[in-house]
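Comments concern the structure below.
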Amino acid sequence: MIDFLGDWKRTHYCGTLTADDTGKEVVLMGWAHRRRDHGGLIFVDLRDREGLAQIVFDPDNSAEAHHKAEAIRNEYVVAVKGKVIPRPQGTVNTNLRTGAVEILVSACKILSRSKALPFTLDDYVDVAENLRLKHRYLDLRRPVLQDNLILRSKVAQVTRQYLTGNGFLELETPFLTKSTPEGARDFLVPSRINRGEFYALPQSPQLFKQILMISGFDRYFQIVRCFRDEDLRADRQPEFTQIDCEMSFIDREDIITVMEGLIARIFADVKDMSVSLPIKRMTYAESINRFGVDNPDLRFGLELVELSDIVKGSGFKVFADVVAGGGIVKGLNAKGCGGMSRKEIDDLTEFVKIYGAKGLAYVKVTEDGWQSPITKFFTGEEISAMTKTFAAEQGDLLLFVADKPKVVNDSLGKLRNQLAKILGLLDKNTFNFVWITDFPLLEWDEEEKRWAAVHHPFTAPMDEDLEYVENDPGRCRAKAYDLVLNGNEIGGGSIRIHQEKVQSLMFKMLGLSEEDAKAKFGFLLDALEYGTPPHGGIAFGLDRLIMLLTGSDSIRDVIAFPKTQKGACLMSEAPSPVDLKQLRELGLKTTGK
């Protein structure tokens, strides 16, 4: 029989009771996490979002409550009245906040029963993710996931407090908007009233927040959901959340200063950690040169070194021919890895091939010098020069890639990260920030044979590079900046184009005709002609930031109801077929799978 709550009122959360509460009469409510019958006394760990409390049913104290406790099973919802008492000597649990006390129960109500669980809710038990996602309402009871989402809520609160305190207004932008497919595919929403026409769910509030600046709101922010219909990876979701900000009458330094303050406040209030300000900066060119990527993880070394000048005249034809053909030769020193087996090196070779490299040359530095199939092709002077460039010592493993610059940097940059995983160099409790600046404005898309925006089409070129936009696009740098944390881009922003002529030129360089630009972005181009302040902003990926703050391995562990890598919600079974009547109302019909 199920009891009614009646006039009982909870007095405390389970996980908040300490020795200071000894002697208090309390009312607790929660889930029976674990029940233990000691042949007289019955112990139940009662759980809520704040933690566990041990409750004790003693027949000498309340025979009725003890009888009711005999029916309690895991995940029953229970309410108890009782007195906080010290635990007996030798039974204190120092791992729990409540570990010094227990509650001697005088009355008990069973408010709801539970079926047998499909999996246990202990954090340390490994459960298939699909099973967890199918029963997400149970999965979310696990303390580790509850802690993740509670921390997420705290980050949102701190963000709102900080930004409103710095003059930002929290303003909302539309979810039903115009499709402007530049990059990822849009999620489309058919209009019933305007048959044959569609809304799109926003990939970001970019255009609307710029228009808010044109409208004179000066400082805007929003913790906003965004949508992209793209192939998913471990750190991607079709719907994700951004901390979105925009400011008027500012330059890059103003934005960076304010946003560094936000990051420092979040880490101070949520992690009790100090972020050293100002955050280190690095240009895009330096980042690519030293680390092969534009989102370097600075928790470890393994920097890339340039060897082209040393090997261009060498007897090793593979290297010499690459340099003669306009390519480069770079490498990295895997310190102390000279003992790697041939199979392990072959695995690394297969890894770099994923990123376009044709192979991976290697050298083991031994007591007798270089040990490698390629050693014989180099002079003693060349070996000495490379040894110095690598800062190589006995026991090191030197790894080389020769190819086009992009292939070399991509493959070695990814190899650097892979080696860090293999060597255990990734400390989740270390947080290393860096701003990457001075990105290229445009890059050549070899497949589509046109220029593409490195960030997005609304990013302003450097003032001194404006003349290159049309005449030498590859030389033009952008007023763009990314904030990188432990190899993850957690924020990206730029100063925006605030002149209609420059924006129209940018669209032209991206291959949009004047008619296409007007059709897709006419409302922005029109707005730019009515007095637009210099403005810029940034968007932080909230999901990814929380993933790093909590040390989670997957972004799905910091989102309450995430999708799978196939974009499905296993709990609600979305997406799903819809009624034919609904499709007819929209003027649609499906063509099958």
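Here the Cβ of each residue, glycine as well, is placed from N, Cα and C on the backbone.
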Per Swiss-Prot, what member of GLN222, GLN237 joins ARG228, ASP229, GLU230, GLU489, GLY541, LEU542, ASP543, ARG544 in binding ATP at one site?
GLN237
Of the ranges 118-121, 206-209, 274-277, 586-589, which one does Swiss-Prot flag as region 'Aspartate'?
206-209
Measure from the CA atom of LEU542 (ATP binding site) to the CA atom of ARG228 (L-aspartate binding site) and give the result in Å, rounded to a whole number.
15
Residues sitting near the region 'Aspartate' (206-209): Cβ under 8 Å, six or more positions beyond its termini, same chain?
173-174, 177, 180, 220, 222, 244, 246, 456, 458, 521, 523-524, 537
Which whole-number value in Å describes the distance between the Cα atoms of LEU542 (ATP binding site) and HIS455 (L-aspartate binding site)?
19
Provide the number of Cβ atoms within 10 Å of the Cβ of ARG496 (L-aspartate binding site), excluding the reference atom itself.
22
Using Cβ-Cβ distances, find the residues under 8 Å from GLU230 (ATP binding site) that belong to the same chain and are at least 6 apart in sequence, listing them in sequence order.
ALA184, ARG185, ARG236, PRO238
Average the per-residue pLDDT over the region 'Aspartate' (206-209) and send me the rounded value.
97
